[in-house]
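Chemist: Okay, here's the structure, questions in a sec.
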């Protein structure tokens, strides 16, 4: 069954009109090329769309300018010469009309110029806007998912750093506790070091003399020893004065408590 007959009239829908123009233009240029190749004919086609865009075709054996000159010769017609200023004015007029059409399309998309649209045009515009909103939302969700992935990666990195710091703190704490235990184990050795020892006189250094003397009271193992100067005005009043002092000739003496 053949296709139904199409009524030849202006297509009101802008989208359908543009699609039909693209299809028919391609078919026309294809037929012109077939005619020029198969029949060795000189064919020239010039097409202007509703937006002012030009499409052209010329036979491979000649140029479009040659075809126009041949047409003028055959028909005995001459086109008026257009100077440079007129060409600029024509181009400016074309660009101004194109800008007005683009501006009108933008106003329709923003909803500022809907008075001249029919119900079918408004339905088409609504479909285009819904399609645009769908694309915008898809892009928005894609960006949000990327941000969520970045935040998850940062969260994992921070968790790893936190675990590492906690492990280091626990190891340092265990090392500190182990040091205290070793200090308690060394208490008997420190007690042996605090036992009375004979003092040697006359063998002090000419500069500084150090002497290990036992205190009158029992020394705590954790306290260790203290180094005291032999000068009375520099000594700690809390220390016992019964320790041995050593001094050199012209030097300074020190005590080890």
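Glycine is no exception: its Cβ is also placed from the backbone N, Cα and C atoms.
Note that the structure is a prediction, hence the values are computed from the model and not measured.
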Chemist: Check each of the ranges 200-228, 229-257 against TrEMBL and return the one annotated as region 'Disordered'.
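Modeler: It is 229-257 that TrEMBL annotates as region 'Disordered'.
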Chemist: Taking only the residues in the domain 'K-box' (85-175), give me the average pLDDT of this model.
Modeler: 88
